[in-house]
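Peer 1: There's a structure below that I have some questions on.
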Amino acid sequence: MSNPKHTRPKGTQDFVPPRAEQKSKVEDVFRHLAERFGFQEIVIPTFEYTDVFVKSSGTGSDIVTKEMYTFKDRADRSLTLRPEGTGGVVRAVLENRLRIPCRLYYLGPYFRYGRPQKGRFREFFQLGVEALGEASPLVDAETILFGDEFFRELGISDCITRLNSIGCRNCRPAYQHKLVEFLSSHKDRLCSECQLRLKHNPLRVFDCKQEQCQAVLKDAPKPGDYLCPECSRHFKAVQASLDKQGLRYELNGRLVRGLDYYNRTTFEFVSSKLGAQDSIGGGGRYDYLVEDFGGPQTPAIGLAIGLERTMLAMGEKEQARRRLAFVVWMGDAELDEAQKVLARLRAQGIPAQMDYDAHRMKHQFKSADAAGASCCVIIGADELAKGVYSLKDLTTGRQIQVPVSELIGTVQKLIRAQSVATRR
Ligand SMILES: [Zn+2]
Ligand SMILES: [Zn+2]
């Protein structure tokens, strides 16, 4: 193959078929589920004034300090490609004066200048929900349930839910003090980055992937041990609700998550296919963010799902044949009839295609195979004389004759049977 003259930028991806189709399917499942849970779609810009994300992610966060695509426009305004979903949604809710409580969902591309790895890109796709104005711990449980149900609908059966509480503005200072005390006494064992985090944002040390730091953290005080009575009650109620609904979870005292705005409940979903470090989704409560944006005091909780990592967790499906019928014609005398059959198939909702350029049937069969069709409808002189078509199942190679009037029903049955056989 010749070398392409142009390549995509590092950290971006092309969704070529059939991966683009798989992406759409995941998005469809998400949309329908979100709507069943009462969320409504919101579509907002892919870039915002930089301040929006500095406010939401926090000045000292990795996102703000290292990962944002920030640029000046021609009028010297600082703009940033959105690195996360919540900041823009909160900005939009306030700017458009949406009635709170409101439940919103969104999906689309996000951008972070990180190190590209398996399932991690610089332009990546995220699916998220935000529930603004609901304070009850039962809403936390419902948000977690939503995520769990989403992954189960996609057939990801090895999904584990991790759960934690990181307290509130009342109980966190005392905890943070203990944590800084502890980490300072082990400072020499922390990586250089965590030594900085210790100064500016000690909770972030929990996000460090370095083994040396994780080793120190084993014995570190956990936020869950310092919850005030209100936070403790809230956390117990979240767990009780999940227990009642039969959702299994692991308590993980070290789950803090990398964004500044979280408080109380934090959670993430992990698939064993991706290794313990890599979550396929997660979220938490952010009861102060709307206020920080200048809005009224508003409790809120959100969940974001990484599309690429979700697709990895789903596993590569066996290359299924497409839901596609290919019409094969013998010669010019059959071309008109073939086109009529093509139109009839399409009118009945069956994706159908034919090769006009290949005049020999052998070549048309090759085209059908290359297109990934599941069957061929063959229009030949013999067939027309008998008032039948031949139908070839391309997965088994079996060929049968079908009366003209039964063609549509038979093709539909065949395509349906094949898509069931290859689904899991
Ligand atoms: Zn508290
Ligand atoms: Zn570290």
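Yeah, the Cβs are placed from backbone N, Cα and C, and that goes for glycine too.
Remember, it's a predicted structure, so these values are computed and weren't measured experimentally.
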Peer 1: Besides E84, G85, T86, Q126, E130, R257, Y261, Y262, which of R97, R99, R112, R115 does TrEMBL list for that L-histidine site?
Peer 2: R112
Peer 1: For the domain 'Aminoacyl-transfer RNA synthetases class-II family profile' (31-351), would you mind checking the mean pLDDT of the predicted model?
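Peer 2: A mean pLDDT of 93 is what the model gives the domain 'Aminoacyl-transfer RNA synthetases class-II family profile' (31-351).
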Peer 1: Is the region 'Disordered' (1-21) packed against any residues at least 6 beyond its ends, judged by a Cβ distance under 8 Å, and which are they?
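Peer 2: Hits for the region 'Disordered' (1-21): 113-114, 116, 121-123, 308, 311, 319-320, 322, 372.
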Peer 1: Over the span of the region 'Disordered' (1-21), count residues by DSSP class, listing helix, strand and coil in order.
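Peer 2: So the counts come to 3 helix, 0 strand, 18 coil.
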Peer 1: Of the residues named as L-histidine binders, E84, G85, T86, R112, Q126, E130, R257, Y261, Y262, how far apart in Å are the Cα atoms of the most distant pair?
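Peer 2: With E84, G85, T86, R112, Q126, E130, R257, Y261, Y262 as the binding residues for L-histidine, the largest Cα distance is 21 Å.
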Peer 1: A 10 Å Cβ contact count, applied to the binding-site residues T86, Q126: which residue has the minimum?
Peer 2: Q126
